[in-house]
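Sequence annotations record features per position, and here TrEMBL assigns domain 'Response regulatory' to 3-117. The annotation domain 'Sigma-54 factor interaction' is assigned in TrEMBL to 136-365. Sequence annotations record features per position, and here TrEMBL assigns 4-aspartylphosphate to D52.
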Amino acid sequence: MKPIWIVDDDESIRWVLEKALARENLATQSFSSARDAIQALQSGTPQVLVSDIRMPGASGLELLQTVKAKHPGIPVIIITAFSDLDSAVSAFQGGAFEYLAKPFDVDKAVELIRRALDESLREIDVEQSAAQTPEILGQAPAMQDVFRAIGRLSQSNVTVLITGESGSGKELVARALHKHSPRASQPFVALNTAAIPKDLLESELFGHERGAFTGAQAMRRGRFEQAEGGTLFLDEIGDMPLDLQTRLLRVLSDGHFYRVGGHQSLKANVRVIAATHQNLEHRVREGLFREDLYHRLNVIRLRLPSLRERSEDIPILARHFLTQSGRQLGVEAKRLSPQAMQFLSQLEFAGNVRQLENLCNWITVMAPGQTVEIKDLPQDLVEERTHAPQPAQTLSAPASAAMPLPAGSDAGYTAAPAEASNANWISLLEVEAAHMLAQEQPEVMDILGRQFEAALIKIALKHTHGRKNDAAVRLGIGRNTITRKIQELGIGGAEDD
Ligand SMILES: Nc1ncnc2c1ncn2[C@@H]1O[C@H](COP(=O)(O)OP(=O)(O)OP(=O)(O)O)[C@@H](O)[C@H]1O
């Protein structure tokens with residue numbers, strides 16, 4: 001998120017706002033004149049702008065005008081003198097989000113800035129949902145079923161449960177359902193319930209009132225409110241704590257909810273799409289998932305096949321990702337030789353499409369030459385494949401996909417992925433950083449691999465609260481591999497799960 005700009009010639013006001021926003025973990029950038037802020041707009045923009053109206057040189061209204069002309073989506077809060085009604089009116093006429101009369105209560109100011117922030121993030125979501133949903137590729141019959149299902153489901157408002165292994169494209173499908181729905185011009189808001197600490201999840205979903213708990217210094221809208229009129233995508237729903245499942249069920253049943261610490265019932269006009277890589281029937285049987293919520297979510301189930309079940313799609317996906325990473329890095333896209341393509345098409349891909357995407361990023365940067373042969377692929381991958389029993393492991397899941405499977409059944413659900421290759425999960429960003437570093441200091445290449453592995457495993461463990469197997473799935477590597485690497489690299493804080 002970009003910083004909040006504070007523009008005021010009065011140093012004490014800048015200081016007070018900076019401190020109050022820092023307490024909320026919000027980054028700020030301050031300017032002592034409107035001129036400086038106008039200048040800075042040439043090289044960057046704020047998430048929200050807070051500006052005094054009367055300053056020497058250019059006024060806050062001039063700044064407001066400049067911002068609105070170039071970036072109409074940025075909310076601007078204008079600070080006016082207490083009795084200056086004319087200025088307040090001019091601010092609104094100029095497109096200000098709100099005005100703040102001096103002297104102001106700092107908590108109120110923070111609350112207002114939070115509201116403006118929610119508004120600007122909502123704008124971003126709308127933009128992203130409308131324009132930036134990446135294309136879903138797939139020629140395999142199982143994917144054609146998925147496309148047909150998206151077509152049939154997109155016009156309806158029905159709750160959809162998307163199941164499938166990690167990295168198989170569940171979020172992409174949720175975005176596509178939203179993009180082709182009548183809600184497309186409204187926000188698409190995603191929340192990974194497994195990535196948010198349990199204590200924060202409730203307020204993240206439903207928002208909170210000021211003072212609802214220690215540290216809640218301002219009212220905050222939750223994801224249900226942010227998604228108003230649009231779609232809320234709840235990823236990893238199987239990990240949601242039981243007490244929150246109860247609250248979620250209530251919203252889905254009667255369409256109303258309360259902010260944490262709030263007494264006013266709010267109406268939710270949101271389409272919910274949930275996803276899980278877990279077997280929810282097992283979770284219900286184990287008492288970890290509410291059966292009534294399960295039935296509420298499982299109205300329509302869309303099952304995404306694993307990449308192993310649609311290996312005929314590997315060539316088109318690989319070409320697509322090589323073109324994409326070439327474009328992102330500003331280099332010509334590499335090609336795979338027919339043998340290398342054939343080799344990839346026979347891999348297990350435990351991390352599914354995400355693993356293939358990361359492998360292509362790796363190839364773009366690391367493989368020598370324009371045409372990539374088997375020997376140019378990551379060493380671990382080649383070795384693991386060479387040592388794997390021949391023929392390749394058989395797959396238990398049938399290749400049929402999609403909807404509508406009878407509610408309650410998860411026929412063909414494949415459980416946790418098998419042990420697989422591990423050298424191809426570095427994300428594009430890390431690869432890019434490694435590439436830059438290696439160009440400047442070629443000798444670091446020898447140690448870079450280990451450092452990156454350690455850093456990425458730590459990040460994955462952090463996101464999965466130390467759960468080793470979940471971290472392995474996220475990284476697209478096997479359970480044995482992560483266990484071995486944790487030992488080799490001396491990483492602490494991992495647990496079996
Ligand atoms: N059919 C596809 N065509 C093109 N890109 C795809 C396809 N499926 C997945 N991807 C890409 O693969 C990556 C992983 O997909 P996505 O995040 O949707 O998976 P997921 O199932 O939601 O993963 P997780 O369970 O870990 O949340 C994304 O970059 C996505 O754009």
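Note: Cβ is positioned from N, Cα and C throughout, glycine not excepted.
Note: TrEMBL annotation is automatic and uncurated.
Since this is a predicted model, take the numbers as computed values, not measurements.
The Cβ neighbour count for the residue listed as '4-aspartylphosphate', using a 10 Å radius and every protein chain shown, is 24.
Helix, strand and coil counts from DSSP across the domain 'Response regulatory' (3-117) read 52 helix, 24 strand, 39 coil. Looking at the domain 'Sigma-54 factor interaction' (136-365) alone, the prediction's average pLDDT is 91.
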